[in-house]
Each structure stands twice: as C-alpha cells, then as structure tokens.
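If you check TrEMBL, you get these features:
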DISULFID  50-77  disulfide bond
DOMAIN    11-79  domain 'Sushi'
C-alpha cells in the first residue's frame, strides 16, 4: 500500500504542446513557469493566453491530476 501512495504522490504531467498563436504558462504553488522542458508536479495548472489580436475559443486551463491533464483539450486562438 505504501508503494501505491508513493506512486500517486509522485504523479507528474508532461508539458502541453505549445501553440504558435498563444502562450502557455504553468502555475504551481505560486510559482509560474513558461516553456518547461521537464514533467510538471501534480496540482500544476496550465493556462492558455492568446497573443494580441486573437480571441480564445474553448477551455483556458487544465490541471495536472494523477499524472494526466484534466481539462484538455485547451481552446484555440483565432482572429477576432
């Protein structure tokens, strides 16, 4: 049982693929990252922010839960 608890406590998620029309930021315990290259801690929130002149259609955030992103797919950014 201890091994199962340890595995769940160490769950992480890979960075989400970047979009050329937006910037993804990752927030974990009040720390913000842009462009991470290593897996992200469980509880990290990914936020999609469209570049100037574009509007988001769809989901803005996803949260790393049990090694998977909850809230995917994120939205897309299109011209207004």
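Heads up, the Cβ atoms here are built off N, Cα and C, so glycines get one too.
The DSSP breakdown of the domain 'Sushi' (11-79), given as helix, strand and coil counts, is 0 helix, 37 strand, 32 coil. Neighbour density for residue 50 (disulfide bond): within 10 A of its CB lie 19 other CB atoms from the protein chains shown.
Looking only at the domain 'Sushi' (11-79), the predicted model's pLDDT averages out at 96.
The Cβ neighbour count for residue 77 (disulfide bond), using a 10 Å radius over every protein chain in view, is 20.
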